[in-house]
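S.K.: Quick one: structure below, then a few questions.
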């Protein structure tokens, strides 16, 4: 395709060249301009080809393969899935047999992962939200449940059937009835329970909560100090709106958001009336301290982690080691084959183990909140020549995060990241994957780099053409 377009382009350039060469004046400058145009056309063609290849990289494997190869792939994946879930499907008291994920479901999950990675916040919200409430005035508003919110930021979590982009469960507004259903959406001690009378998440809430989850604690501390003009450690509502507006503009979600008046997903204010009441009281004249806000961030992280834990259907308060491993690797970006292999090895090693409690899981994720300090501490150990074994990890957790990691949690982590089986941690890979897990993938740019590439190409073409036309003396 690019060759066919290239031939007439060259012919046109040749004709223009002959025309320019017929004129004696400024021949050298014109030749430079022609060379610049030729280089620019070549660069655009090559870059377009690379972008086309990148955009269709995932689709090529399914398009170009023959039906026979596709069928064999399906059979192989189904067989692998059956092997992986064989132990989980053993009859147990009070546990429902889990349905096996099929070939079609995997393709749907791949599509939904691309929505999470590259779509605008507006589209992500409209795809994963499941409720549409019609008010007495006839106006409607779309809401997420807490489970929808967790699903929207967790890879490989499939949206329920018949619910997708602009497909919702319709509810007529009845304040008393909906408020009575609040317990279905969140526990009374949950942050989500405080989101309005319904305990549901609006679009403004969604943007605010993703901002809180994707921003390190240190960034909020600095922003609060910048707007705390009198130094008393408190900010009012207007100052806090400025703080969170600046923080939001630095996140990938905030940079990608554009108000959509047609869908109603606009940010008229920084956050909803329910959250303003939560932070500043009913009269909105209260003050918010950095301590109280960081406590809100901690509780939000706790509630989201609890929902993730419960999605694995714990038995007697325990999830399997393989399920814990999948939580750790959910945002790793590891290739599917390698990921499947790592989880299989984990399952074989802990086939008859007792599993992990939520307290053990939460302690490890508290350890991850200090991952930058952990990275520094492990680097000191490495430079000192000490091995990064389980005892070292437990010591770092006690020193840096003030938590106690159980021996069993350390065994599972080392089973995942001890690549050569010598009982020592692969520090570089562990830290890189855990940083991605901590931010839940929300810090990644929500685009494929096309706009940035085109801007760089345009700037390069301008500078190149100028250098050819006006060479330095």
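Numbering starts at 1 and runs along the chain as it is shown here.
Cβ coordinates come from backbone N, Cα and C, glycine included.
Summarising the annotation, Swiss-Prot assigns transit peptide to 1-33. Positions annotated as region 'Disordered' by Swiss-Prot: 61-101. The compositional bias 'Basic and acidic residues' annotation in Swiss-Prot covers 66-79. What Swiss-Prot records for 80-91 is compositional bias 'Acidic residues'. Here Swiss-Prot flags 96-107 as region 'Polybasic region', drawing on similarity to another entry. What Swiss-Prot records for 123-126, 256-260 is region 'K/R-ring', and it gives similarity to another entry as the kind of evidence. If you look up Swiss-Prot, you'll see 228, 230, 232, 234, 239 marked as Ca(2+) 1 binding site. Residues or ranges marked as Ca(2+) 2 binding site in Swiss-Prot: 418, 420, 422, 424, 429. The feature region 'C-helix region' is assigned by Swiss-Prot to 452-462.
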S.K.: Between 230, 422, which of the binding-site residues has the fewest other CB atoms within 10 angstroms in the structure shown?
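M.R.: Fewest other Cβ atoms within 10 Å, among the binding-site residues 230, 422, is found for 230.
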S.K.: Using the alpha carbons only, what distance in Å do you get between residue 418 (Ca(2+) 2 binding site) and residue 232 (Ca(2+) 1 binding site) once rounded?
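M.R.: One finds 48 Å between the Cα atoms of these residues.
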S.K.: Could you give the Cα-Cα distance between residue 232 (Ca(2+) 1 binding site) and residue 420 (Ca(2+) 2 binding site), in whole Å?
M.R.: 53
S.K.: Expressed to the nearest Å, what is the distance separating residue 228 (Ca(2+) 1 binding site) and residue 429 (Ca(2+) 2 binding site) at their Cα atoms?
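M.R.: Taking the Cα atoms only, residue 228 (Ca(2+) 1 binding site) lies 39 Å from residue 429 (Ca(2+) 2 binding site).
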S.K.: Fewest other CB within 10 angstroms, which one of the binding-site residues 234, 239, 418, 429?
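M.R.: 429, out of the binding-site residues 234, 239, 418, 429, has the fewest neighbouring Cβ atoms within 10 Å.
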S.K.: Where does residue 422 (Ca(2+) 2 binding site) sit by DSSP, helix, strand or coil?
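M.R.: Going by the DSSP assignment, residue 422 (Ca(2+) 2 binding site) belongs to neither helix nor strand, so it counts as coil.
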S.K.: Between residue 424 (Ca(2+) 2 binding site) and residue 234 (Ca(2+) 1 binding site), how many Å separate their Cα atoms?
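M.R.: It is 46 Å, counting Cα to Cα.
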S.K.: Of the residues in the region 'K/R-ring' (123-126), how many are helix, strand and coil by DSSP?
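M.R.: When I sort the residues of the region 'K/R-ring' (123-126) into the three classes, I find 4 helix, 0 strand, 0 coil.
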S.K.: Can you tell me the CA-to-CA distance separating residue 239 (Ca(2+) 1 binding site) and residue 420 (Ca(2+) 2 binding site), as a whole number of Å?
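M.R.: Roughly 52 Å, rounded to the nearest whole number.
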S.K.: So what's the average pLDDT for the region 'Polybasic region' (96-107)?
M.R.: 72
